[in-house]
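Colleague: Grabbed the feature section from TrEMBL, which reads as follows:
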type     : residues : note
TRANSMEM : 12-40    : transmembrane segment
TRANSMEM : 52-70    : transmembrane segment
TRANSMEM : 90-114   : transmembrane segment
TRANSMEM : 135-157  : transmembrane segment
TRANSMEM : 184-214  : transmembrane segment
TRANSMEM : 235-261  : transmembrane segment
TRANSMEM : 267-290  : transmembrane segment
């Protein structure tokens, strides 16, 4: 029928747009993971920065992969998501890797801040000395918090409200329709708290680091030091500022997604999904070009 044709053509267009964002993102994150793993095998060790980048690349690759499969099934074969176990597993892994991505990004920003920023505060100096020992514990804490949120999401996806036959389809952009009630308030609050905590960690780290770099740049100007050193600091400031802007927009999209998941606001939901698929790949690309080793390897393999 004409209506069925519109739904099918619309679903194909949505999958095509999401695929154009997801597959390049998966490729760039797979590239980061492969380069770091090859270096790990050669050197038999990874520094703290590489550990965070490795886990961040893995989490983003699997987040994009599972999210793409979920959206593909939602738009093209929604009947597969009527099976409770499939829906629950998809929601669990999507939620788990999404929160891993957020927390690993925050850990990376905190690590750069502590390593690069120059403050004379005793506590800050203590952190600078101990940060390499703290990184594995920060990463473990990030995984455990993401796992807890993923388990809660798995449980909620099994509720009858999330698994009715009208919950997936074109009207909701492939997202299960959730009616806000007491069962979901706790999960929404917990997810919002996770988003806000990681966002605040990024905000404080980025602001402190920008302030430190700006102060250092001013000192170099007064001492008339080389332009190359000045340009390096300006590039670092631009990179941090771009990440801060991207992370801020991503945070707003995550909050809006929580709001619109309970409403039939399909166009806004689609715009939110489009940006969420852009962030993991685009930020990873910025990380590649800000890392000399990764940038050199990428330029070698590109035609």
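Cβ from N, Cα, C; glycine included.
Whatever TrEMBL says is automated annotation, not expert-curated.
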Colleague: So, do the transmembrane segment (12-40) and the transmembrane segment (267-290) meet, by the test of 3 or more Cβ pairs under 8 Å (sequence gap 6 or more)?
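Modeller: Stretch pair touches.
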Colleague: At a Cβ cut-off of 8 Å, and with pairs 6 or more apart in sequence only, do we get at least 3 pairs between the transmembrane segment (267-290) and the transmembrane segment (52-70), yes or no?
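Modeller: By the criterion, they touch.
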